[in-house]
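Structure record follows, encoded as structure tokens.
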């Protein structure tokens, strides 16, 4: 057996051969640092414009380790070592950390966190669009404890609004934008207990169509929750799991259509071809439901029937930007989370790279002068990579040594817990005997669980555009929508905005900016 020290020595030699020639010159690093310093100094001229548009990208489960690994993967997909690559979010000038705990949970879930970063109020695990006074699954604790989201605030201000996700449109993240539910799992009335139904609570799909009836763009999965029980799916006719779920007999697609003004152009689409043949200039309202449940992983996506996240974002912005008052758009890369829960790091990281592509797409279609873009995560995962891997090592590859305990190799990527825990012959599985580069390979974990869990550490917040500098340092997660609303002069935070008569739109006046930050007791 070759000693781990020899393997390390061999790895060190290989590592030196992987160093790009330009990086051996100390002047390369000095010039790079000086340019970064110059860019940082230019940030002293703060962008205090009003954000006509606000775009929020939410990478579900996209902790810092996932961001770093996705950066390396992006580079390696372009035949580079990867570590030096810049994600689109890496280019954002302002970065903060967000504390993700729920009011009743140290390690949070996606529902309570969504309520925080969309509604500005921390909440209990498993609840959406309600305060912490609502207990999970207790319908009778909902009434009077509803909280509204920044999507509602934007709509009330006359802006267009949109939701784009790779999960179901009634999943935890998007639902906090429009619903008020004591349980995130109440996708349709089929998933609700009789007690909740008798007490008058409505399922999340129903609320999507009724609470805010004029959401301009809704795209994602979740078709089956819109149709009556056992209605055959348009795409998967033989799949019983794809059939409609609703017990109330409603066809919510028809309901959606009836709520739209007759003189407006409303379109429901269920596949990529229909979506990409639309003329955005002739679309006022768009509902796109591309799968019965969640959308397919990017690596598994059918290019004929399912659009990519980037393609959905492109269409959404083209429709929303027609409003002269601007728009708010929530974009969720929701299946990063699912990949991690399944222990499938390759799926999760390709989802993250696709979301970064969508971020770049949005950047080319908007301006830093009038568009605030925020990229963040709701929570992290117990995902890590390490093992003293050499520069340019495949992010899905092996560490350069074997364990000094069981003498077996291990992958750089590992999970703290999850379905990848495997024992063969009373010992840890030898990963060299399996295809650890497979799309669905489940990375080894320390503790066996059917589903890997979330992580509890802070997550990053990246921001660019008007008032992006207000996202700095370490913040409670519920601070984020307050910043977005302040930048856009919507919701409760618009007293600092004065009317710019020349442009006919609000802009912050210096005196009002100061007055808005003073305590009421000082002003009066």
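Cβ coordinates are placed from backbone N, Cα and C, and glycine is handled just like the others.
Take the CB of residue 110 (active site, phosphoserine intermediate) and look out to 10 A: across all protein chains shown you find 27 other CB atoms. The feature active site, phosphoserine intermediate is assigned by TrEMBL to 110.
In sequence order, 61, 63, 100, 107, 108, 109, 110, 113, 454, 455, 456, 459 constitute the residues six or more apart from residue 379 (Zn(2+) binding site) in its chain with CB-CB distances below 8 Å. Annotation source TrEMBL lists Zn(2+) binding site at 60, 337, 341, 378, 379, 454.
Taking Cβ-Cβ distances under 8 Å and a sequence gap of 6 or more within the same chain, the neighbours of residue 171 (Mg(2+) binding site) are 110, 165, 184, 187, 220, 222, 294, 334. Taken from TrEMBL, the feature Mg(2+) binding site applies to 60, 171, 173, 332.
Positions annotated as signal peptide by TrEMBL: 1-17.
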Residues near the Zn(2+) site, 60, 337, 341, 378, 379, 454 excluded, by Cβ within 8 Å of the Cβ center?
61, 109, 110, 336, 340, 377, 380, 381
Sorted by position, what residues of the same chain at least six away from residue 378 (Zn(2+) binding site) have a C-beta under 8 A from it?
58, 60, 61, 100, 108, 110, 113, 114, 117, 173, 459, 477
With a 10 Å radius around each C-beta, find which of these binding-site residues (173, 332, 454) has the fewest other C-beta atoms nearby.
454
Between residue 341 (Zn(2+) binding site) and residue 332 (Mg(2+) binding site), how many Å separate their Cα atoms?
17
Could you list the residues of the same chain, at least six apart in sequence, whose Cβ is under 8 A from the Cβ of residue 337 (Zn(2+) binding site)?
60, 61, 110, 348, 381
Most Cβ neighbours inside 10 Å, all chains, among the binding-site residues 60, 341:
60
